[in-house]
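Peer 1: Pulled from TrEMBL, these are the listed features:
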{"type": "REGION", "residues": "107-127", "note": "region 'Disordered'"}
{"type": "DOMAIN", "residues": "142-298", "note": "domain 'Nudix hydrolase'"}
Amino acid sequence: SNLSANCWSRLHPVNMFSSYNVKFYHSKALTSPYPGSHIERSHVPEDKVGWLTEWEEYNPVEYTAKSVLAGPSWADPQINDEGFSPKFNERDGEVERKSLNGLYVVENGRPRNPAGRTGLTGRGLLGRWGPNHAADPVVTRWKRDGSGNKVAHPVTGKNILQFVAIKRRDCGEWAIPGGMVDPGEKITATLKREFGEEALNSLQKSPAEKAELEKQLHKLFSQEHFVVYRGYVDDPRNTDNAWIETEAVNYHDETGETMDNLPLEAGDDAGVVKWVDINEKLELYASHSYFIKLVTEKRGAHWSEDPGSEC
């Protein structure tokens with residue numbers, strides 16, 4: 001059973017979902033305690049995760065964080081609140097309630113997590129009922145020696161790729177410097193904004209510094225890039241009724257010159273920010289290791305010394 005929990009991320013995104021049954025395994029979305037709380041999820045055996053499996057005794061814990069219930073601008077009201085009638089599975093005003101993985105079931109007025117049971121209902125720390133859309137910019141460059149030459153791994157002979165990683169303040173784990181998409185915001189704008197706020201501390205810069213940063217960011221984010229992944233994320237904040245979906249995009253600085261003009265400085269939700277060498281030993285937040293692995297495959301970079309390490 002541990003194998004399937006650990007290997008879900010090796011599945012190709014298009015194989016994760018089918019129209020009627022989910023060929024997908026939660027791992028982090030089943031962990032307790034729930035982030036930022038002492039709440040323990042109801043235990044969900046692996047063979048009971050899928051909604052198609054009958055389980056009349058299923059009795060999940062209900063939890064929505066006080067920070068969400070306080071009604072900030074990024075959060076929905078409670079499902080039964082007067083005047084709140086969300087349009088699930090479609091664009092709802094400025095809020096995108098469509099899933100990247102197709103239609104999801106709405107039961108008793110509540111959206112149902114397309115990847116199965118999590119042992120927790122409500123929204124936890126998530127603002128939206130249903131999909132909560134995020135964006136993850138994977139900014140990479142080649143590792144170089146003092147002479148500016150690319151550094152190859154001694155065993156595989158493949159060049160070593162580096163990416164910009166932040167250490168999250170909330171849980172202390174290393175992660176891609178991403179964040180949530182604001183209502184009405186385009187994904188491209190979210191990617192650039194989040195990278196600026198978390199990896200360059202753009203919110204604390206003077207107007208002149210911000211203008212220079214914006215110029216360099218535009219240069220980086222208008223370079224060749226590719227979408228690494230679009231869809232459901234196995235995230236510890238997910239519940240039966242609210243979940244994270246992301247679009248992870250790789251922006252690669254081939255020469256390294258653009259990023260040389262962008263000094264890394266932790267800001268917003270980041271405690272530390274730095275360039276990290278990529279390899280299979282990376283332990284990152286949520287599904288981020290998987291996204292990074294896909295980037296190395298696309299770039300032909302080093303990942304593992306063991307060719308048989310795949311699931």
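Glycine is no exception: its Cβ is also placed from the backbone N, Cα and C atoms.
Structural setting of the listed features?
Peer 2: Note on the region 'Disordered' (107-127): DSSP counts are 0 helix, 8 strand, 13 coil.
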Peer 1: Using Cβ atoms and a strict cutoff of less than 8 Å, what residues sit near the region 'Disordered' (107-127) while being 6 or more residues removed from its termini?
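Peer 2: Sequence-remote neighbours of the region 'Disordered' (107-127) are 16-17, 22, 24, 26, 29-30, 32, 34-36, 39, 41-44, 48-51, 55, 58, 60-65, 67-68, 72, 74-76, 79-80, 88, 99, 101, 180, 232, 234, 237-244.
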Peer 1: Report the mean pLDDT of the predicted model across the domain 'Nudix hydrolase' (142-298), rounded to a whole number.
Peer 2: 90
